[in-house]
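Annotation source TrEMBL lists [2Fe-2S] cluster binding site at 94, 99, 135, 139.
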């Protein structure tokens, strides 16, 4: 995802329309507790820009009357906030112990091979970012993964992983990619 399209050089990373959305969230809290809207404001920025930049954190801090480091601490504490640009589809694979015992690590490695990227990277076409994540709370369904922080996928064996990736590629008009060694 290009940040230049969203934030041309010299432009504020947060538009007036975004500030208006912030104001609606802040209005939900008593004035002395407006900092409680920090997660809502971070979510708004991420929805609009695809990630949360330091510049956006500074604007949120100004709007909420709190130190920028306090906003940054929230951004870095929760893995749902992207701290750098990501692909259109963010694939988070659980690699905690229950998922590892049921092939979670193998699922991650299969996706690395299928996508041609390492964990933490984004494909050259900007479609996929692959990440590992902490427990998603569905240990009985492992291996599990989360797509774009919203869609939980369970029992993700290699066949299901291939179907997911190929289906997303086809939805974007991109060709399916075959993993070497598969029929």
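Every residue, even glycine, has its Cβ placed from backbone N, Cα and C.
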Name the residue among the binding-site residues 94, 135 whose Cβ has the smallest number of other Cβ atoms within 10 Å.
135
Find, for the listed binding-site residues 99, 139, the residue with the lowest Cβ contact count at a 10 Å cut-off, counting only other Cβ atoms.
139
I need the neighbours of the [2Fe-2S] cluster site defined by 94, 99, 135, 139. Which other residues of that chain put their C-beta within 8 angstroms of the C-beta centroid, in sequence order?
95, 96, 97, 98, 104, 134, 136, 137, 138, 142, 143, 144
Using DSSP reduced to three states, classify residue 99 ([2Fe-2S] cluster binding site) as helix, strand or coil.
helix
